[in-house]
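Q: TrEMBL lists 359-380 with the feature region 'Disordered'. Per TrEMBL, the feature compositional bias 'Polar residues' maps to 361-370. The compositional bias 'Acidic residues' feature in TrEMBL is assigned to 371-380. If you look up TrEMBL, you'll see 414-491 marked as domain 'Recombination activating protein 2 PHD'. Feature annotation from TrEMBL assigns Zn(2+) 2 binding site to CYS446, HIS452, CYS478, HIS481.
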Amino acid sequence: MSLQMITVSNNIALIQPGFSLMNFDGQVFFFGQKGWPKRSCPTGVFHFDVKQNHLKLKPAVFSKDSCYLPPLRYPATCIFRGSLESEKHQYIIHGGKTPNNELSDKIYIMSVVGKNNKKVTFRCTEKDLVGDVPEARYGHSIDVVYSRGKSMGVLFGGRSYIPSAQRTTEKWNSVADCLPHVFLVDFEFGCSTSYILPELQDGLSFHVSIARNDTIYILGGHSLANNIRPANLYSIKVDLPLGSPAVNCTVLPGGISVSSAILTQTNSDEFVIVGGYQLENQKRMVCNIVSFVDNKIEIREMETPDWTPDIKHSRIWFGSNMGNGNVFLGIPGDNKQATSEAFYFYMLKCAEDDVNEDQKTLTNSQTSTEDPGDSTPFEDSEEFCFSAEANSFDGDDEFDTYNEDDEEDESETGYWITCCATCDVDINTWVPFYSTELNKPAMIYCSHGDGHWVHAQCMDLAERTLIHLSEGSNKYYCNEHVKIARALQTPKRVLPLKKPPLKSLHKKGSGKIFTPAKKSFLRRLFD
């Protein structure tokens with residue numbers, strides 16, 4: 001095993017925990033940026049070009065008949081072939097988080113439809129499911145098994161938001177383990193069936209899964225309900241006769257306690273497990289070899305690479321499988337230095353360079369640490385707030401360079417604006433603040449001048465006040481303009497002088513009556 005640091009030619013803050021890498025015939029592609037795709041790369045998929053330890057991100061293109069693929073973090077991905085002997089393959093993508101922290105329940109199929117020396121063209125199609133449709137989730141696994149000349153997808157584990165009836169402002173992003181059901185998905189007909197296996201009692205997330213012929217092996221994982229990483233090893237065998245499928249689960253000895261590990265394949269019967277966590281606050285620095293001999297699985301420790309001091313002392317790490325026995329790793333930069341990068345990256349080579357990627361055995365794992373930041377700074381928390389802006393892309397070949405001037409004026413086109421000098425609403429890290437919010441931050445209209453929109457969160461408005469103002473037609477002034485509005489308020493109305501009745505015009509005590517001319521003069525005087 002060899003560890004090499006990767007340098008970058010541009011700002012690749014797009015690469016953050018939760019991304020995925022896909023290998024098509026030796027070419028690696030990046031998927032899962034934290035923010036919405038920019039106009040300079042509307043697909044959000046990039047060619048992950050590493051040459052001589054130097055990384056470049058080049059925007060990828062899709063065919064015109066492709067559906068939109070949102071930038072999903074922590075999805076379940078796997079390779080799908082028409083048969084075990086087929087060399088051509090596709091990628092299955094299910095679930096994951098959107099930049100708005102919504103969870104997806106959709107299945108996408110990624111395939112290559114065109115390729116030349118400089119450009120690869122993808123096609124993405126969305127697969128509709130019927131039957132027992134898996135709920136939206138992330139941190140789970142999806143694999144493909146082959147039995148009796150047929151294939152079937154196997155989906156297991158993951159986390160999902162608590163039911164909407166239980167979600168409040170304080171617990172809006174609270175998640176729970178998905179039920180430990182096993183879903184069989186027929187990609188040809190779009191049918192999904194759920195199976196309850198007595199051996200699987202607890203939900204697991206961020207486990208490692210290995211698909212081998214008609215069997216799925218589940219290793220490790222984290223149980224959120226019990227806050228443990230059980231050292232379990234499950235074998236799920238799927239038989240596909242002409243009738244109904246048969247699904248059986250067996251508990252095997254020799255499991256390991258690990259979550260969020262990265263799995264890479266080094267040869268047809270051997271895999272390497274890298275990274276992960278053994279405790280909530282402790283990375284797992286040990287690597288394991290998983291080998292298959294006579295259809296029996298064996299897990300043993302192997303010699304670890306020479307980890308750098310930065311890797312040893314970092315609180316988190318994340319990464320993904322690049323294929324060919326290579327693993328891409330990232331750690332946070334040193335925030336103590338003013339010029340520090342957000343992340344440092346390494347490539348770990350677990351096999352010789354001549355490893356053939358066209359291998360029959362298919363692999364899958366949740367190939368990055370879970371997005372840290374909601375409850376703890378480690379893998380099993382929910383959000384790690386780093387900027388995800390792409391400041392530039394390398395402009396060689398025929399690819400366009402990134403230019404901020406190409407971006408739309410967000411102050412005129414959407415909710416993602418800077419509403420005031422202290423506005424802290426970020427498109428890449430925004431999460432619901434009010435229980436009434438769904439997809440976008442709540443905004444309210446300031447009536448000063450020509451009017452403008454401001455975020456209710458930035459104005460420190462209570463949700464009750466926000467609802468009250470939105471229901472009525474009252475004018476509202478933001479924090480910056482409320483003083484101006486108060487200064488321009490109309491003065492209080494002064495009551496007019498009361499006109500005396502005509503009979504009071506008679507001079508008291510004199511007995512005289514005013515002449516008509518005097519009455520007219522006095523009337524004009526009082527008026």
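Using the three backbone atoms N, Cα and C, a Cβ is placed for every residue, glycine included.
Curation plays no part in TrEMBL annotations; they are all automatic predictions.
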Q: Would you list the other residues of this chain near Zn(2+) 2 - those whose C-beta lies within 8 angstroms of the C-beta centroid of CYS446, HIS452, CYS478, HIS481 - in sequence order?
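A: Same chain, not in CYS446, HIS452, CYS478, HIS481, Cβ within 8 Å: TYR445, SER447, HIS448, GLY451, VAL454, TYR476, TYR477, GLU480.
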Q: With every protein chain in view, how many other Cβ atoms are within 10 Å of the Cβ of HIS481 (Zn(2+) 2 binding site)?
A: 18
Q: Check the domain 'Recombination activating protein 2 PHD' (414-491) for me and report the mean pLDDT.
A: 76
Q: Please work out the number of neighbouring Cβ atoms within 10 Å of the Cβ of CYS478 (Zn(2+) 2 binding site), leaving out its own Cβ.
A: 21
